[in-house]
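A.B. asks: Supplied in structure tokens, the structure appears directly below.
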Amino acid sequence: MEINTRELILEILLETDREGRQCQTVIGNVLDKYQFLSKCDRAFITRISEGTIEYRIQLDYIIDCVSDIKVKKMKPVIREILRMSVYQMRYMDSVPDRAAVNEAVKLAQRKGFRNLKSFVNGVLRNISRRVDDIVWPDRSASPARYLSVRYSMPEMLVKQWCGEYGEETCEKILGSFLEHRPLTVRFSRTGHDTEQTIQKLEKQGVRVTKANYAKDAYILENYDYLASLDAFADGDIQVQDPSSMLVAQAAGISAGDFVLDLCAAPGGKSLHAADLLNGTGMVESRDISDYKVGLIQDNIERLGLQNIRTQVKDASRYYQEDEGCADIVLCDVPCSGYGVIGKKPDIKYKASHEKQESLLKLQREILKNAARYTKDGGVLIYSTCTIGKSENIDQVMWFTKHFPFQLESLDPYFDENLHLMTTKEGYLQLLPGCFDCDGFFLARLKKQESL
Ligand SMILES: C[S@@+](CC[C@H](N)C(=O)[O-])C[C@H]1O[C@@H](n2cnc3c(N)ncnc32)[C@H](O)[C@@H]1O
């Protein structure tokens, strides 16, 4: 069967544009369906799909500079063909402009837009000729507009982060989202041996290096398909960013503890906690739906852990029977996810003030219940994979004001390279570009002992 890779890319872009579809899932589904494609074709599809989504604001700016019809007014098929072609022309040396233009014109025709062939041809040829004459937004007149187009980030978010962290740090964050970051995994300990895991991976040609910050974090490079690695099938490794591994580390888990993870899917932090319990105690991993809990269950089975169980339960509802049940409560709440924009670029286009407001309310509902499920003297870890203050330190301050919890130093649980002013106070905000990991926030909160 003859497969046209650019046609698949177009399908991915159109599907991602539809409400609620995450580009990583859409790309993953296509690559699963066409597993027979060569490594080179798979890389081509992934690179152009992700790149076109990542750089959408900048690509639209360029197209709008030369086209009489603005991007917003175009038919979706034509819009996506132009975006993916400009991405290739601007960011892929391996694709000559001439080839990108010809393929775009052919694709428009194949998709039934014969009458728009000359439009596509004209816009792309114009861009190829005039790319150096494009006038970018003036940084001194409008820094937010400039940064928005330069790094392809909605102005709303640029303004928010410039306001909270200053323009220089904001630019570091924006730059890091566009850099390629290799995959990080956590090596399992219980029933697994680190040296043997490394050997197993290297035998299949994978390059393995130690990652920063978290004890069991390793970087994997030079592999094609993660699921085809023996170490993955055997449960020796679990995909997880080092920032996320800090949660179970910060919990200071002791043998025999009961750990309650209220928002657990797909299970990264729960599985890590069960691993640190080393066959003792119990982790109860909850999430909102059967589907989500199924994802945790799949991982439990692959890793072969015995001291972890799952439940479908809504964390925003209070369950009397859980009052004071847990030594440790993990509250890895649903959040805006801006810390992982580097891996999931479409998140940035879904940002809105309304969404942020409703998340703040949900996070407080979950925290209220989490407070009651924590034993007296127990520990609650609050975490998010986002970088704005309102979902992070502001929520923690609200929480300590209303509930009998106190922030407690993270330093005993972290390597020295993470000992900062705020970790001593009990919380840590990791910003991409400033730290070598995803954007992430966590706080360690200790519940008062009863009198
Ligand atoms: C940040 S993710 C959790 C990631 C997970 N802790 C891990 O380490 O793999 C947030 C999770 O909260 C779940 N969630 C959203 N609303 C919820 C609710 N009301 N009750 C329980 N879980 C909820 C989502 O389904 C999602 O899986």
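Placement of Cβ uses the backbone N, Cα and C atoms for every residue, glycine included.
What TrEMBL says about a protein is an automatic prediction, not a curated fact.
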A.B. asks: Name the residue, out of D236, D314, D322, D346, that TrEMBL lists for the same S-adenosyl-L-methionine site as C263, A264, A265, P266, G267, G268, K269, D287, D332, please.
C.D. replies: D314
A.B. asks: How many Å lie between the Cα of K269 (S-adenosyl-L-methionine binding site) and the Cα of C385 (active site, nucleophile)?
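C.D. replies: That separation, Cα to Cα, works out to 13 Å.
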A.B. asks: Just to verify: the residue among A265, C385 with the fewest other Cβ atoms within 10 Å, which of the recorded positions is it?
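C.D. replies: Across A265, C385, these recorded positions, the one with fewest Cβ atoms within 10 Å is A265.
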A.B. asks: Can you give me the Cα-Cα distance between C385 (active site, nucleophile) and D314 (S-adenosyl-L-methionine binding site) in Å, rounded to a whole number?
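C.D. replies: A Cα-Cα distance of 20 Å.
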A.B. asks: State the three-class DSSP label for G267 (S-adenosyl-L-methionine binding site), counting H, G and I as helix, E and B as strand, and everything else as coil.
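C.D. replies: Once the DSSP labels are grouped into three classes, G267 (S-adenosyl-L-methionine binding site) ends up as coil.
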